[in-house]
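Q: Have a look at this one.
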Amino acid sequence: RFQACVYFASVFQAMSCGIHYLASVFMAVTPNFVCGFPGNVSSVLFHNSSASSIEDIWTLWTSTENYIVVQLENGEIWELDQCSRSRREVSLDLAYEYKGNKSVFPCSDGFLYDDTKWKSTVVTQWDLVCDREWLAKLIQPTFMLGVLIGAVIFGDIADRLGRRRVIWFTSAGQFVFGIAVAFTFDYYSFVIVRFLLAMVSSGYLVVAFVYVTEFVGIKARTWASMHVHAFFAMGIMIVALVGFLVRTWWVYQIFLSIATLPFVLCCWMLPETPFWLLSEEKYEDAQKVIDTMARWNKVSTPCKVSELCSVQQDDLASGRTGDDDTSSAKKHNILDLFCNWQIARRTITVWLIWFTGSLGYYVFSLSSVSLGGNEYLNLFLIGAVELPCYIIACVAMDKLGRRNTLIPFLILSALICVLIMFIPQDFNILIILANMAGKFSIGVAFGLIYLYTAELYPTIVRSLAVGSGSMMCRVGSVVAPFCVYLRSVWIFMPLLLVGIMALLSGILTIMLPETLGKPLTNTLMEATEMGRNKKSCSEKTPPAHSGAALEKIEMFGQERVSTDK
């Protein structure tokens, strides 16, 4: 009961991370627009259609190559393009086609935007179009850069100051910075505050995963850790719902930020984890938490910290007598992940899978609003498809194995990317379903790689391997928005890139060893042998002193397995 309450309270706030990660899909949308004009308009002409105001023309707008002809009250006739305007020298009759002389002017009077769908976005607020369009395209990449930096900073702080303090700060920070974004006064302050919001959002996701992992028992740890991502997906669904209801960007941002306010008000009641308290030798505080857990769970014979400490000391003593090298283990660095050809090939493959998983995840998510049809429903479905995805991943990885689940879903996602290219653009429903299938398949692979990486590497470099993999994951999330922008070059370019990366990752995964049912390795030699001989690791009897270590790894090993999306 106690663990369930702590778990659901903590992962509830993970929805806020999903909210802020994808909020820009509606906040930074660029509507149809044309140059402004100097004066009051008397009539508007678009091809064969005429109107008294430009607002009546937007429903006929079909391409950025179009232009609008307006006649002002002073008789001047102007042609309005998106990034320029021209005045006709001879203004006798109002006609759409004109072969005479024209004087071209820049858009010094601002721009006119189509507000039928969105009353206001950050693009319309600060005119992030034409020569300032690149500023709009930097909004999501700079946010993802903040995600990268925040995960590194707050992950380290959580090890030093405790999980609970970081959870307090980052959850409060999400609320404060989320509200502050709505009241920024210019583009640069907007980007800076969003960058800080990204840091605390990423930091919360990192520490919350560690927090719930340290409270949840071994039996439920795989399912509990995997479904932290499910709450992230629910945050994406909330973005779609709020975007549908609220069409002004700063009001939209406020509603998204207050969605998880209840957690901010009660997060101070969450306890520190006993594991961290014991590691810091705060035994009295650890005993208080354990006693609280016992009362909630109605345990008549609660565990005593003194018993835990005595067992730990016995394990350490046996470890020292069993192997003197263990007590004087050297420090390891990133080069140890390339110590031999077998491990180096494994590292390159794992890094590629991390990168591909993150790239595909965000390409499918960010592209969902451009698939045609109802963009709000598209994003909602892209988030909803993740919920069964993680259930399938949990079942398949325990029944079929890690590698045997990863390979088919990576290759399937590549095939779906190719399939989408051959679907006619008029078949919106079929395109949306195919994209959902692609998000589902890449989501299975993305969720599985966390645990698989931890099992592929020995104890001495396991955290280093997972940490380096998560860095590649964040690199993929930074690259993904730029990949989506390549739609302007060719509409299928993002899918082509994701498909190539997924196919390459799936093929290289064939060379990885299966880890299901095999003991965790302790040395690089054991990890190398696991790749060379399928039977060597499964039949190898671990040293006598490593039994307790293996048990602790199963207790703590997934602490850093998942960092953030």
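Residue 1 is the first one shown; counting continues down the chain.
Glycine residues also receive a Cβ, built from the backbone N, Cα and C atoms like all the rest.
In case it's useful when we look at the structure, here is the feature table from TrEMBL:
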- 59-517: domain 'Major facilitator superfamily (MFS) profile' (DOMAIN)
- 134-154: transmembrane segment (TRANSMEM)
- 166-185: transmembrane segment (TRANSMEM)
- 191-212: transmembrane segment (TRANSMEM)
- 224-244: transmembrane segment (TRANSMEM)
- 250-270: transmembrane segment (TRANSMEM)
- 348-364: transmembrane segment (TRANSMEM)
- 376-397: transmembrane segment (TRANSMEM)
- 404-423: transmembrane segment (TRANSMEM)
- 429-452: transmembrane segment (TRANSMEM)
- 464-484: transmembrane segment (TRANSMEM)
- 490-512: transmembrane segment (TRANSMEM)
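Tell me about the setting of these features in this model.
A: Long-range contacts of the transmembrane segment (191-212) within the same chain: residues 6-7, 10-11, 13-14, 16-17, 20-21, 138-139, 142-151, 153-155, 157-158, 163-164, 166-167, 169-171, 173-174, 177-178, 180-181, 184, 224-225, 228, 232, 270, 273, 559-565, each at least 6 residues beyond the stretch ends and with a Cβ under 8 Å from a Cβ of the stretch.
Cβ atoms under 8 Å from those of the transmembrane segment (224-244) belong to residues 7, 11-12, 14-23, 25-26, 205, 208-209, 212-213, 216, 252, 255-256, 259, 365, 376-380, 382-384, 386-387, 390, 393-394, 447, 450-451, 558, 561-562, 565 of the same chain, restricted to positions at least 6 beyond its ends.
Residues 382, 406, 410, 413, 435, 438-439, 442-443, 445-446, 449, 452-453, 456, 465, 468-470, 472-477, 479-481, 483-484, 494-495, 497-498, 501-502, 504-505, 508-509, 511-512, 565 of the same chain sit 6 or more residues outside the transmembrane segment (348-364) yet have a Cβ under 8 Å from a Cβ within it.
Through the fold, the transmembrane segment (490-512) approaches residues 345-346, 348-350, 352-353, 355-356, 359-360, 363-364, 367, 403, 406-408, 410-411, 413-415, 417-418, 420-421, 438, 442, 445, 456, 483-484, 531 of its own chain, all at least 6 residues removed from its boundaries and within a Cβ separation under 8 Å.
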Q: Name the range, of those listed as 134-154, 166-185, 250-270, that has the largest tally of Cβ pairs under 8 Å with the transmembrane segment (464-484).
A: 134-154
